[in-house]
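Since the structure comes first, as structure tokens, the remarks are kept for the end.
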Amino acid sequence: MRIVTLTEESRQNLLDNLLKRSPQNYGEYEGRVAAIVENVRTRGDEAVFAYTKQFDGAEVTAENIRVTEEEIAQAYREVDGQLLAVIRKALVNIRAYHEKQKRYSWFDSRPDGTMLGQKISALARVGVYVPGGKAAYPSSVLMNIVPAKVAGVGEIIMTTPCNAEGKVNPTTLVAAKEAGADAVYKVGGAQAIAALAFGTASIPKVDKIVGPGNIYVALAKKAVYGFVNIDSIAGPSEILVLADESANPRYVAADLLSQAEHDEMASAILITTSRALAEKVSQEVEQFVAKLSRKEIIQKSLDNFGYILVADDLEAAIAAANEIASEHLEIMTENPFEVMTKIRNAGAIFIGPYSSEPLGDYFAGPNHVLPTNGTARFFSPLSVDDFIKKSSIVYYSREALEEIHEDIETFAKAEQLTAHANSIHVRFEEE
Ligand SMILES: NC(=O)c1ccc[n+]([C@@H]2O[C@H](COP(=O)([O-])OP(=O)(O)OC[C@H]3O[C@@H](n4cnc5c(N)ncnc54)[C@H](O)[C@@H]3O)[C@@H](O)[C@H]2O)c1
Ligand SMILES: N[C@H](CO)Cc1c[nH]c[nH+]1
Ligand SMILES: [Zn+2]
């Protein structure tokens, strides 16, 4: 990996380079995606079936687009029992963590009879997109469905691509059943997003779409935002390790590569105060890459967006980490909790040598659907909050309103909104 001294210039060059990964940069795909979305909106199933044939080579029809109970039963027969046990163990942790995020309605009453409050309602129907092109991600099924179930969403509609034979990855199906999806449809890409957003004869229209996917999925979610809500426009995976001389170079190297293997556009960055550690990590990376199954993807990712930055001190390293705002941040320093208190921008923060990023991908409980491309400055991990809505509750007694009715009328008249003023005045006009 390239080793660079952290300076104002090298940090800015890195930030500029990382921005090239943002789905917002893919203007040339926008037109293609817009056409797919519009076709599905106007032609419904007919367009969904045509695109599925064109991009996935599958003969999908109204009769077979929805996964049947028999297909799910067959999936259980194909999935290794040990993996099923692991999925069930992971679900226990993921559910337990997300239960802590539950929100409750509250109401506040005052002696004058006023009552104000906030009413929590779960979304009625949510669409969950699960990627299925290059690889299958049953863990993403769990991460997208569990917070929706904990929130109390009425109906969860999942879509995921099928192969040319019309078969969905069995582990994806088993994970969907275990997590509690109500229906699974065999469609992927932009056409799946459009079908969920507008509804077709076969696929129900949803209120919100969540879940990661490739550039077509990401841009389609952006295109339908407003007709439905979306969780985010997820970009390629990324990891940033903050380490000093106390860190184990093999652990650091292995963790960097765990995210580099996701995608040629993934980013793996080490920021360290120790040049000796930088050299050792680079050597360990080289040795690991030679042995790893996805070495081609990893090498492209490292060539494009892999960095080892050597900082003068920990403060400079932390400042750079806050600017990069990585999806995943690992802290492997002498006092990791002290460093954590200074981190403002990161999707998920892994503390210490045994909190390796894949622990979060699969098992610890926190959600692995995280903000990417620097959006951790303003976005948060997928959570129960993404699946609820809030309504404000207002109750005033006559006495309470009488007390302040002139103030409201004064305010309304100041905005020349006399009907607003009248709507208050009318209740006290006999005065
Ligand atoms: N952030 C996360 O939590 C997370 C988790 C898992 C995966 N991911 C990311 O999700 C992405 C998955 O991408 P993927 O491609 O494997 O699966 P995908 O399901 O996102 O996309 C596959 C679909 O793309 C459509 N498609 C393919 N070529 C097309 C074309 N030329 N024009 C229009 N549509 C086309 C097809 O209909 C196909 O079904 C990867 O980038 C991976 O890194 C992210
Ligand atoms: N780390 C990915 C998000 O960037 C999520 C994932 C799914 N499976 C393995 N990893
Ligand atoms: Zn991962």
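From the backbone N, Cα and C atoms, a Cβ is placed for every residue, glycine too.
Annotation source TrEMBL lists active site, proton acceptor at Glu327 (among others). The Cβ of Glu327 (active site, proton acceptor) lies under 8 Å from the Cβ of Ser237, Glu238, Ile239, Ala346, Gly347, Ala348, Leu370, Pro371, Thr372, Ala376, each of these being in the same chain and 6 or more residues away along the sequence. In the three-state DSSP scheme, Glu327 (active site, proton acceptor) falls into the coil class.
If you draw a 10 Å sphere around the CB of His328 (active site, proton acceptor), it holds 26 other CB atoms from the protein chains shown. If you look up TrEMBL, you'll see His328 (among others) marked as active site, proton acceptor.
The annotation NAD(+) binding site is assigned in TrEMBL to Tyr129, Gln191, Asn214. DSSP gives Gln191 (NAD(+) binding site) a helix state.
According to TrEMBL, the feature substrate binding site maps to Ser237, Gln259, His262, His328, Asp361, Glu415, His420.
When secondary structure is read from DSSP and collapsed to three states, Gln259 (substrate binding site) falls in the helix class. The annotation Zn(2+) binding site is assigned in TrEMBL to Gln259, His262, Asp361, His420.
Here Tyr129 (NAD(+) binding site) is positioned 46 angstrom away from Glu415 (substrate binding site), judged by their C-alpha atoms.
Ligand 1 lies within reach of Asn214, His262 from the recorded positions Asn214, His262, Glu327, His328, judged by a C-beta closer than 6 angstroms to any of its atoms.
Sequence-distant contacts of Gln191 (NAD(+) binding site), defined by Cβ-Cβ distance under 8 angstroms and a gap of at least six in the same chain, are Ile36, Val40, Ala47, Val48, Tyr51, Thr52, Phe55, Ala220.
Considering other CB atoms within 10 Å as the measure, the emptiest surroundings among the binding-site residues Asn214, Ser237, Gln259 are those of Asn214.
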